[in-house]
Amino acid sequence: MWRNFRLRFHYPRLLFSQSSAGGAGGTSTADSEIPTLYSFLQPSIFALRKKPNPSPPSQPTPREALAPVDAISLESALDSSLLSNDTEEAWRSFKALTSLSHFPSPRISASLISHLSSLGNRLSLKRAFATSIFLLEKNPGSLSFESLEILFSSLDSAESTAPALSLVKSMLKNRFFAPFSIWGRCLLRLTKRNGGFEAFLSVFEDNCRVALEERIDFMKPDLVSCNLVLDGCCRELGSVACAERVLEMMSAIGLAPDSESFGSLAFLYASKGLDGRIQEVEKLMYALGFEDRRGFFRNLVSGYVKFGHLKSVSSVILRVLNEQRCKDLTFIGEATFAEITKGFLDNGGIKDLASLIIQTQELESSMECPVVAENSVGFGIVNACVGLGFLDKAHSIVDEMNAQGAVVGLGVYSSMLKAYCKGQRTAEAAQLVTEISSSGLQLDTGSYDSLIDASMSVQDFQSAFSLFRDMREARLPELKTSYITIMTGLMENNRPELMAFFLDSVVDDPRVQIATHDWNSIIHAFCKVGRLEDARRTYRRMVFLRFEPNFQTYLSLINGYVSAEKYFSVLLLWTEVRRKGISFDHDLVDAFLYALVKGGFFDAAMQVIEKAQELKIFVDKWRHKQAFMETHKKLKVQKLRKRNVRKMEALIAFKNWAGLNT
């Protein structure tokens, strides 16, 4: 076949058999299309009627001739109706005009077909089709390419395969030579969707014969269209004869095959087990200078999978890896890996898949350029298992690899880990990470971050801790992202005790870079849930480890103590803060003063006021006056004078400051 590839054919003058033209002597193929076609037309245009009983011949009744003025009037009415979008009146005018053998001008005919085609309802589409067929038979010169293109597009949208095929046949039969572009791609898509590709192939070949016979270039399909037709022959029909016939037609119209063409042939020949033909295609590709054969190999693998020749699949993959010493097999794509994996699994090929991964790992490790784990064949296969819902099969592949004494590559594990994360099976993911680490492999920081994030999202805190511990033991340099993820998740879930435990476990790790705000988060979380003793212990631990408390530290403690009405604890804290001589801001001064007033510690309250005056910090007297009135409204100075003169003096000083003595 390939020796005669450039051979041109001599086509007989009879371009169409009656079957292809749908003539009276048509074959059963043409007859079988009629009910489908008429089901489209019924009931409003043409009805499929039974042939009436023959009656004696009678003399034909001559048609009444239409006066020129009437024809002009009807055509004008048709034009006006179209301009005003009066579809029913336009249709009546058209029928009246044509019933007496008069046809609208090309402009009006095109306008009518375009209008009817664009309305989006089935009745109007039937009328557009009927109008086109009628004019093709009676007056082809009144049709335009543009209106027919609109009609084909509408037939495509309406999934009307049979009328579209019939329209092309009528065009060819009546020698209405239209560009392939107005109907070819549209009809190809339509027939592929609706199982009519074989009928399309017939009109495609007829069109090409006419284009050659009449020497009309615009009727010839382009290379992209020919490749789509060839692909249909290879994948839809699985016909070697049809595919090679299309190739010969391409040669006849002056088109040379490209990599897409050879890819389709590779699929076809592999699916038929025609290894000799495959070798011929490869030789031709070399001869024509095709260096990029990735599409060829991808289709070859798919074809062998369809044929069920799994040894050939393995051979092609290993061969490609050998030939592409510095490249991976990512060009095969997820879809092809899914085909490969399903093909093996459907035939109980877990051992074969494991063996294939082992062999590819050896080749990948010996390459001049290292293959990234997620670009490895092992990853592609296991990822396909996961994508197909066969995570248990992926485990079986790993087990088989271990049984064969092979080292399981990181690429094999990566997809399983992602699947665990996606399925929120984080405990199993953490266990698998431990296995990976014990085998001497190391995940990257991004993988750990993703796993820890997934664990925290489902509140699997123990798995998150375990993963972070493995991350530290792996001596990865960057831990900050996962650390923040864990701390934030624990805070959002009100687990300050775990925050304190986790922080204490990593406090000496310089990669984490713990700061005062980390301790503040824990103290705030403890205070929020009323665990004040734990908050105080955390504060003491913070100070012991030489982390300097700041405004937020003290504010959290004060607010916690006030909520629990533990004002004496605020007094102790004030004494400590005052002794340290730290800086103050407005919020801290206000919080201390409010708590000390509520607790009745006016001596300390006056110390706070003096500190505020010293630092020129504004204090809202009204707020603290209200606090006093709410708590100490019945407190008498005389009673204090008898018990504690100093307290009495402090109370008087505060009342004078707050304006309570006026």
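Cβ from N, Cα, C; glycine included.
Among the features that TrEMBL reports, domain 'At1g68980-like TPR repeats' is placed at 66-220. Mean predicted confidence for the domain 'At1g68980-like TPR repeats' (66-220): the pLDDT average there is 93.
Here the repeat 'PPR' (222-257) has long-range neighbours at 1, 5-9, 180, 184-185, 188, 192, 197-198, 200-201, 204-205, 208, 211-212, 264-265, 267-269, 271-272, 274, 277, 288, meaning same-chain residues at least 6 beyond its ends whose C-beta is under 8 angstroms from one of its own. Marked as repeat 'PPR' by TrEMBL: 222-257 (among others).
The repeat 'PPR' annotation in TrEMBL covers 409-443 (among others).
Marked as repeat 'PPR' by TrEMBL: 444-478 (among others). For the repeat 'PPR' (444-478), the residues of the chain that approach it from at least six positions outside its boundaries are 414, 417-418, 420-422, 424, 426-427, 429-430, 433-434, 437, 485-486, 488-490, 493, 495, 498, 502, 506, 509, 511, judged by C-beta separation under 8 angstroms.
For 515-549 (among others), the entry in TrEMBL reads repeat 'PPR'. Summarised by DSSP class, the composition of the repeat 'PPR' (515-549) is 26 helix, 0 strand, 9 coil.
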